[in-house]
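As written in Swiss-Prot, here are the features:
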- His125: active site, proton donor (ACT_SITE)
- Asp17, His19, Asp57, His252: Mn(2+) 1 binding site (BINDING)
- Asp57, Asn124, His250: Mn(2+) 2 binding site (BINDING)
- 508-537: compositional bias 'Polar residues' (COMPBIAS)
- 567-579: compositional bias 'Basic residues' (COMPBIAS)
- 596-615: compositional bias 'Low complexity' (COMPBIAS)
- 618-633: compositional bias 'Acidic residues' (COMPBIAS)
- 650-664: compositional bias 'Basic residues' (COMPBIAS)
- 690-699: compositional bias 'Acidic residues' (COMPBIAS)
- 503-720: region 'Disordered' (REGION)
Amino acid sequence: MSREDFSDTLRVLVATDCHLGYMEKDEIRRHDSFKAFEEICSIAEEKQVDFLLLGGDLFHENKPSRTTLVKAIEILRRHCLNDKPVQFQVVSDQTVNFQNAFGQVNYEDPHFNVGLPVFSIHGNHDDPAGVDNLSAIDILSACNLVNYFGKMVLGGSGVGQITLYPILMKKGSTTVALYGLGNIRDERLNRMFQTPHAVQWMRPEVQEGCDVSDWFNILVLHQNRVKSNPKNAISEHFLPRFLDFIVWGHEHECLIDPQEVSGMGFHITQPGSSVATSLIDGESKPKHVLLLEIKGNQYRPTKIPLTSVRPFEYTEIVLKDESDIDPNDQNSILEHLDKVVRNLIEKASKKAVNRSEIKLPLVRIKVDYSGFMTINPQRFGQKYVGKVANPQDILIFSKASKKGRSEANIDDSERLRPEELNQQNIEALVAESNLKMEILPVNDLDVALHNFVNKDDKLAFYSCVQYNLQETRGKLAKDSDAKKFEEDDLILKVGECLEERLKDRSTRPTGSSQFLSTGLTSENLTKGSSGIANASFSDDEDTTQMSGLAPPTRGRRGSSTANTTRGRAKAPTRGRGRGKASSAMKQTTLDSSLGFRQSQRSASAAASAAFKSASTIGEDDVDSPSSEEVEPEDFNKPDSSSEDDESTKGKGRKRPATTKRGRGRGSGTSKRGRKNESSSSLNRLLSSKDDDEDEDDEDREKKLNKSQPRVTRNYGALRR
């Protein structure tokens with residue numbers, strides 16, 4: 001190619017479904033995905049392409065591990081950051097194309113020397129999630145290593161509305177409009193394409209010397225292409241006719257040669273995955289990447305094989321078609337399967353390009369055992385440990401379909417994918433249960449369940465509850481003064497708020513929930529809870545189990561405090577926190593968090609009395625009775641019991657205690673009985689009436705003041 005042709009030719013290397021981090025726990029296959037991605041980047045450097053185009057699923061997990069992220073960043077740094085000049089320009093509005101904090105293509109940043117730009121959309125494995133709608137690719141984008149595009153903001157009502165803005169590139173006389181569409185749930189995107197004006201395509205504006213028809217239009221998407229169920233896939237005929245070339249991700253079978261779609265005028269390439277993640281027939285085909293050279297409105301594809309991919313051999317056998325197998329003899333079945341496996345291993349070794357780096361092959365045999373007995377696949381694979389990479393799942397058994405149910409007679413609507421079928425069943429079960437909930441909408445629980453199971457979001461349900469509670473609080477606070485509500489009126493008001501929120505949700509897309517949070521930490525929890533004005537108190541039991549932020553306490557003091565908190569659970573007063581972090585915890589129940597009080601006077605009095613008695617009981621529960629059981633004259637009498645003297649002497653010494661951990665030292669009485677006595681006396685204190693609260697408070701203060709020397713002695717023994 002001459003220098004003039006090179007200056008007008010845009011060279012692009014296309015790859016999809018790298019699945020970095022796949023099988024990272026497997027000692028044999030843990031490096032396969034990284035070696036394949038390293039080879040792809042090396043090919044891009046060797047072929048001197050203008051940029052690398054990735055079609056989604058760069059990562060295998062929605063939350064990749066730190067090891068996976070570090071290795072991915074290392075590979076991109078080695079191959080993308082250099083002093084090579086970038087030969088093309090981005091002439092479109094970059095703030096629209098790249099929706100991040102910087103809003104520009106990475107090679108235009110003056111602080112970075114980017115020699116190989118990488119453009120990528122997200123797939124179904126690494127799609128954005130959480131309150132901030134971020135994905136793992138956003139991390140690479142923030143590192144200025146990847147240009148992340150194709151992230152759609154679903155707006156409008158019903159199924160939603162999306163607008164696709166192209167990245168306009170120009171190299172010499174060649175102009176390219178690159179459209180990106182990150183993964184959207186197939187059923188929803190299918191409905192959107194069939195809804196008028198739900199999907200809008202923005203075309204380049206007419207400029208001097210450049211008409212709209214002069215642009216070469218490329219689309220990169222990551223969706224189902226299989227025709228098994230039309231509702232769970234995207235048809236090529238949904239796409240606009242002005243497109244010239246389509247890169248189709250998500251399908252792992254390598255169909256790298258561009259195929260023309262009849263009646264549409266564009267070509268489709270399906271590069272497939274660079275690492276085998278499902279051991280099926282389609283994955284056994286050789287893996288390739290595509291070198292796409294564009295000049296004007298013409299393009300030239302060149303497929304390049306990947307040599308670092310682990311060899312994979314797949315075959316299917318029907319036992320009844322084999323004449324040398326006895327249906328009643330298991331040994332004959334084993335001998336035949338052993339022979340097939342050995343042949344596949346030998347076949348894989350012959351395909352090895354570099355003999356010095358022969359890898360253990362992947363072997364999969366699909367066995368139709370109709371009329372025969374099965375064998376244990378794991379026991380069968382034990383003899384091939386060290387010979388194949390997947391000894392635990394070499395065999396997969398199946399039976400022939402019943403008569404009259406051939407594949408030709410199966411309707412397309414009945415060919416549901418197993419994972420899609422199960423997902424529909426889960427949603428249907430939740431919907432059919434008809435839960436009569438007053439705060440949480442069922443749709444929000446569906447989304448939380450999806451993120452908890454599929455995206456490993458451990459705080460999905462907690463975020464769902466917190467978001468709906470805050471939304472309910474806000475609506476109640478806007479209506480009227482919360483303190484004027486009675487309990488019955490509050491329940492009715494909450495029900496009305498739920499109906500209003502359900503109406504609002506019905507006008508918004510189902511996937512636009514704001515409560516999901518995949519990155520909640522203790523700092524975020526503290527910030528979020530502090531924003532709720534005058535409506536929170538420490539809930540030791542619930543918040544400690546939910547977030548695990550309350551620090552452990554020492555001795556009986558912490559346990560007695562927890563007991564007093566449980567004893568006051570019915571009173572809408574402030575509870576005592578166990579540590580500094582407990583002040584940031586908020587109870588997730590509605591009544592307490594809103595701060596409704598049935599009787600403010602009695603509640604405040606009970607709270608002060610409970611606080612004083614709780615501190616006394618918590619510090620003196622080793623061998624002193626409750627404040628109600630002790631008469632005033634008893635405090636003036638000396639302790640004549642030898643048992644008390646011994647316990648007092650023991651407390652004065654700092655020697656190893658023989659009692660249990662966290663209990664009072666030197667006490668010979670039953671700790672459980674003391675604990676019950678203190679909690680029962682506290683309950684009696686809290687149940688006192690308003691008419692005699694003042695007298696009780698005065699008597700109680702006198703008793704507490706008199707018992708202070710005893711408390712001080714025990715407190716010093718417990719603190720050590």
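We number each residue from 1, going along the chain as drawn.
Cβ from N, Cα, C; glycine included.
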Additional residues around Mn(2+) 2, ordered along the sequence, whose Cβ is within 8 Å of the centroid of Asp57, Asn124, His250: Asp17, Gly56, Gly123, His125, Asn183, His222, Gly249
Count of other CB atoms lying within 10 Å of the CB belonging to Asp17 (Mn(2+) 1 binding site): 25
Secondary structure at His252 (Mn(2+) 1 binding site), reduced by DSSP to three states: coil
When distances run from the Cα of Asp17 (Mn(2+) 1 binding site) to each of the recorded positions Asn124, His125, His250, the nearest one: His250
Rounded Cα separation (Å) that holds between His252 (Mn(2+) 1 binding site) and Asn124 (Mn(2+) 2 binding site): 13
All-chain count of other Cβ atoms within 10 Å of Asp57 (Mn(2+) 1 binding site): 27
Cβ atoms near His252 (Mn(2+) 1 binding site) (within 10 Å, other residues, all chains): 23
Which same-chain residues, if any, lie at least 6 apart from the residue listed as 'active site, proton donor' yet have Cβ under 8 Å of it: His19, Asp57, Phe59, His60, Glu61, Asn62
C-beta crowding around His19 (Mn(2+) 1 binding site), within 10 angstroms: 25
Number of other Cβ atoms within 10 Å of the Cβ of Asn124 (Mn(2+) 2 binding site) across all protein chains: 19
